[in-house]
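Going by Swiss-Prot, these are the annotated features:
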- Leu117, Gly121, His122, Leu123: (6S)-5,6,7,8-tetrahydrofolate binding site (BINDING)
- Lys226: N6-(pyridoxal phosphate)lysine (MOD_RES)
- His225: site 'Plays an important role in substrate specificity' (SITE)
Amino acid sequence: MSYLEKQDPEVYAALKKEDERQEHSLEMIASENFVSRPVLEAYHSTLTNKYAEGYPGKRYYNGCENADRVEELAIERAKKMFGAEYANVQPHSGAQANMAVFLATLEPGDSFLGMNLAHGGHLTHGSAVNISGKYFKPIPYGVDEKTETINYDEVAKLAKEHKPKLIVVGASAYPRVIDFNKFREIADGIGAKIMADIAHISGLVVAGEHPSPIGVCDFVTTTTHKTLRGPRGGLILSSSEHEKILNSRVFPGIQGGPLMHVIAAKAVAFGEALQPDFKTYIKQVVKNAKTLAEVFQKRGFRVVSGGTDNHIVLLDVSVKGLTGKDAADGLDHIGVTVNKNAIPFDKNPPAVASGIRLGTPALTTRGLKEKEIEAVGNLICDYLEHFGDTSFESKVKAAVKEITGAFPMNHFRLED
């Protein structure tokens, strides 16, 4: 019996069930992945007990020599991964990283360009319900109605019209390559700075499967989970000239003490991403996503933008008479985890949506390749085409169990 099970059986039971859910379901939420045992071990370390306000060598507390070393390793590895001059590993999340850059470049009420949430952007890129949309003045840009890819002409037009101080580049549901150089040209034309939020594609950037924004954009932010396979957290990258202002905007600007156990886990994950097999992994992630998109298209489903260049497949389920919510809830019932997602020019409200977003990072971590992904894609199509047929569900559930059984999880369990 573990210490946790003995002291708090209720929490233990919930965590045990989550272990089982991850083990016996197909995780296809694009923003989720599975960390390695070493990453989890670092995350579970006694650094969770240590307060370390400030930065290495400049702390406000004593006893930080080991925390300093861990953070220095994380910084060094982050810079090496991306080829950046500066890295701040302290942001608790991608949202915190984005806000730090906003506060370093904008004053309250200043305007900035950001991708429309309904077209694949992110809450922190100017949504009215987010602080980025309340504190500053967002000017949304979107995708072309026919191609469903970024409308760079619209971006240029909006930039000239509004002359924002900052242009935010990046998305949370955009399956195509982003042309950072085009954004640079637009920004240079009006004297604006650029922040690239590569939270979803950072692993692809590290592995060379997507063009890098380093040296093109002024600021780069990312989460450290998703395709990087690290703990949940944030990261800021830039040139050394912005070090002082960015550091001050993170601490003491929007955060107090850093989460040192998370930074330790980041350091381990960054070390893993620097290994040759990480490139192999990311290449497989992209191959799997392309395979998945092809299956959907062959089966008569509409894939937004006609395919994918990264790890995301955005599927329009309305062509089958379904809503995104119905499809996501139904798939969850059979052990396939996705999320409902708006598609460009969606007629349904966000809480219902017309699409689902699928990703291949977690299944690829689990070991699935094109053959298995093709089977998963067909399984999803079979279920959606027989939606509501309870007699068919048992067949699909059995197929899911067969796949998960063949590719067991490799992560800590409570009894380890």
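From the backbone N, Cα and C atoms, a Cβ is placed for every residue, glycine too.
Since the structure is predicted, the reported quantities are computational estimates derived from the model, not experimental observations.
Neighbour counts were taken as the number of other C-beta atoms within 10 angstroms of each residue's C-beta; across the recorded positions His122, Lys226, the minimum falls on His122.
One residue stands out among the binding-site residues Leu117, Leu123 for having the most other Cβ atoms within 10 Å of its Cβ: Leu117. Cα-Cα distance from His225 (site 'Plays an important role in substrate specificity') to His122 ((6S)-5,6,7,8-tetrahydrofolate binding site): 16 Å (rounded to the nearest whole number). It is 19 Å from the Cα atom of Leu117 ((6S)-5,6,7,8-tetrahydrofolate binding site) to that of the residue listed as 'N6-(pyridoxal phosphate)lysine'. The Cβ centroid of Leu117, Gly121, His122, Leu123 marks the (6S)-5,6,7,8-tetrahydrofolate site; residues of that chain outside this set whose Cβ lies within 8 Å of it are Gly114, Met115, Asn116, Thr124, His125, Gly126, Ser127, Asn130, Ala171, Ser172, given in sequence order. Close to Gly121 ((6S)-5,6,7,8-tetrahydrofolate binding site) in the fold, though at least 6 residues off in sequence, lie Gly114, Met115, Ser127, Pro140, Gly170, Ala171, Ser172, each with a CB less than 8 Å from its CB.
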